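K.L.:
What TrEMBL records for 28-48, 60-83, 530-549, 569-592, 604-621, 659-682 is transmembrane segment. As annotated by TrEMBL, UDP-alpha-D-glucose binding site applies to 123, 124, 153. Here TrEMBL flags 153, 458 as active site. Taken from TrEMBL, the feature Mn(2+) binding site covers 292, 316.
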């Protein structure tokens, strides 16, 4: 156990502890089990090699089946071995934010720039983005230290209108949150919660104001325009006039609108408001825009010119704050001099609200979002997952010992902003660095900022930072720091996963592959951890083979596994039960249930036959120049009927899709082969050698 103030030699005069860490108690078991299980895998691979080369069969079909199973088991062995990186040195951390103000005064808190990205007002409703933003504005943190930047990659006047209305409501909402000391600071969540709200004289008034704002915003979205009845002053009209007839989603000039300015905007209690700045970067059909990574880099430059806070929080538009003290938890680590020099970012887990009782689509993603990060935290730290992450701005400009100088001094992390954000000089420079040609012949996306080259810019950026020598931390408080929405149909879930898988392939087969480049710069265990994710689509190989081969041979009563009476049979049983048993233990120990674990196993097989398989095919075709793919947003619009069925635990495919063809074929073949096996068993046929195939 270690932490500031918890090390040996602690005295009564030492500062109070801000954080601590301790290894998980099951670490020794994990290591012992890994040795035993690895020995069993070697025995299995020996059996395959013996059957293939030492005792070869004369039948080409039999050889092909044995070779296919050998390849499948090799992939399973690689995925198991790479997953051991998460089990060798897992740790758990705890923070003590109550001690922070005994060490740091409010005026000494560091500045915080918050980046929120949205791209389509129809797939990502502006009211959802507004609720996320309001929850972040209401942090228990000096408001004059916070600046919020909203990137609208859809370039929609509807989104800008929604934020102008939100700014008016925020003047009342922020004081209400402070006075009532509420935890749910997303207005939608607060007003829809089941808690008994305090009998505050302001409650009904605040709720009515929120409903009025919501009706107004949704009416504008339904009409698809901001009409004159909603334009209240010359400043608003001037802003909306930037949307001319030639203004399109993929071809438009930069729009930067300062909605709130902390230098003079105050709430109804007289306290300063945070900065709120709308940014829609310049888009041109002739210039690459690099999806979300490009949008984040524009915010990185615009914020450097305007506020240049040393800490940056990146947040998805649907991930609202669930704990107003989250920035204080972050400071518990960044205030420790022993950590600060090499610490790049602090990642909070992605958690979700509205998940049904049994999590039928495995939307929790317990392994990548909670269990595996604890394992990486004992090494160089967890990977960045795109949201709920506090970055040190300095980490995005070179390695810990050698900073990369930006093109202009105003973008340097050390630059001190001494001009008002509304000054002409500041705005002109902000527009300049947001232009679509600014990055030409620069290091942006390669050595500076968020990295280009993959659809999963979060994973790739953290991977490159770890290779440069930076470290990260995993902060997992008991109360979720952020909560987001989840897909409520199978199609939305696997389609989102397919996009991730393609992006991970782009990292796996790049010149920075974790297996080659990563192992040189991060060490073996970290490179294995990143490889486990980068090559995750390879799950489709064993899942596909094991979904069809044993079943087709069972239909013909051909045995491909050892008989129950043979010693090799018990090896297969141990490998099967050992893998599932350890996974079951991992899930249960972090608060999972048996039913949720079962559904996670089902979704693992479904993903293997859908998103993993199609991502592999699509990436291969694209590599051959046969096919290309486009970035596709996951819809955040909630259909009431679908949501009701999801809440009842009804499995819903969503829409017809080629993604489901292999899954459907596999289900039919498995059903018929199982019935055929049962028929043979009850008919008195010798089924001894077909037992494992029956189980599959």
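Note: Cβ is positioned from N, Cα and C throughout, glycine not excepted.
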K.L.:
Say you check the Cα of residue 316 (Mn(2+) binding site) against those of the binding-site residues 123, 124, 153; which is nearest?
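P.N.:
Its closest listed neighbour, by Cα, is 124.
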K.L.:
Which residue, of the binding-site residues 123, 292, has its CB surrounded by the fewest other CB atoms within 10 A?
P.N.:
123
K.L.:
Which bits of the chain, at least 6 residues beyond where the transmembrane segment (530-549) starts or stops, bring a Cβ under 8 A of a Cβ in it?
P.N.:
65, 68-69, 71-73, 75-76, 78-79, 82-83, 85-86, 368, 383, 459, 463, 466, 501, 504-505, 507-508, 513-515, 518, 522, 560, 604-605, 607-609, 611-613, 615-616, 619, 662, 666, 669-670, 696
K.L.:
Between the Cα atoms of residue 458 (active site) and residue 124 (UDP-alpha-D-glucose binding site), find the distance and write it as a whole number of Å.
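P.N.:
Between the alpha carbons of residue 458 (active site) and residue 124 (UDP-alpha-D-glucose binding site) there are 20 Å.
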K.L.:
At a 10 Å cut-off from the C-beta of residue 458 (active site), count the other C-beta atoms across all protein chains.
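P.N.:
So the Cβ neighbour count for residue 458 (active site) comes to 23.
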K.L.:
How many other Cβ atoms are found within 10 Å of the Cβ atom of residue 316 (Mn(2+) binding site), counting all protein chains shown?
P.N.:
22
K.L.:
Hey, how far is residue 124 (UDP-alpha-D-glucose binding site) from residue 292 (Mn(2+) binding site), Cα to Cα, in Å?
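P.N.:
With the alpha carbons as reference points, the distance is 14 Å.
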K.L.:
Sort out the residues at least 6 away from either end of the transmembrane segment (659-682), same chain, that have Cβ-Cβ distances under 8 Å to it, and list them.
P.N.:
491, 494-495, 498, 544, 547-548, 550-552, 554-555, 557, 606, 609-611, 613-614, 653, 690, 693-694, 696
K.L.:
Non-local Cβ contacts of residue 153 (UDP-alpha-D-glucose binding site) (under 8 Å, 6 or more apart, same chain)?
P.N.:
117, 118, 119, 280, 281, 283, 289, 292, 295
